[in-house]
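Taken from Swiss-Prot, the feature domain 'RNase H type-1' covers 12-155. Look at Swiss-Prot and you will find D21, D147 tagged as Mg(2+) 2 binding site. Sequence annotations record features per position, and here Swiss-Prot assigns Mg(2+) 1 binding site to D21, E59, D81 based on sequence analysis.
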Amino acid sequence: MTDSAAEPTISQPQHVVIYTDGACKGNPGPGGWGALLASGGTEKEIFGGEMGTTNNRMEMTAVIEALAALKKPCTVTLYLDSQYVLKGITEWIHGWKARGWRTAAKAPVKNVDLWQRLDALLVSSGHSIDWRWVRGHNGDPGNERADALANKGVERALGRL
């Protein structure tokens, strides 16, 4: 389903800064996700990809994979350029859960499998997360690196890496 770079896991950081991004060539189409994790002078890059996916799914997968790479509870500052993921996790998810994973219009929540995975990960991980939106493709070095990793994920999905 997903692939990640074979680099060591950051095992017990006190504070981790994470940048995530997703990419999709066509929507749906081949997609990729990428994340940059930094703590105490150590950096880790992870990425992966899937065929027949969407940009929103890749944005969510980037967040899930980045947080899952942290093996101990820690304080996280997570930068992302996806309003969908940011609002979903900080505003909408509480109502969705209360309504049995349905929107206010009573429609099933899109990408519910990933929302449920992210929700379970947040509950079980013990991470304290400060969610921060950053404008994509606007020169932020961390976001640009996450974007490049997401595009590498697309290439991996296409069998070019």
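Quick reminder: no glycine exception, Cβ is built from N, Cα and C everywhere.
The most densely surrounded of the binding-site residues D21, E59, D81, D147, judged by C-beta neighbours within 10 angstroms, is D21. In three-state terms derived from DSSP, D21 (Mg(2+) 2 binding site) belongs to an extended strand segment. The Mg(2+) 1 site is defined by D21, E59, D81, and by the 8 Å test on Cβ atoms against their centroid, the other residues of the chain that qualify are T20, G22, M58, A62, L80, S82, V85, G136, N143, A146, D147, A150. Counting only the Cα atoms, the space from D147 (Mg(2+) 2 binding site) to D81 (Mg(2+) 1 binding site) is about 10 angstrom.
In this structure, the CA atom of E59 (Mg(2+) 1 binding site) is 5 Å away from the CA atom of D21 (Mg(2+) 2 binding site). This prediction places the mean pLDDT of the domain 'RNase H type-1' (12-155) at 96. The helix, strand and coil residue counts that DSSP assigns across the domain 'RNase H type-1' (12-155) are 59 helix, 47 strand, 38 coil. For the pair D81 (Mg(2+) 1 binding site) and D21 (Mg(2+) 2 binding site), the Cα-Cα distance reads 7 Å.
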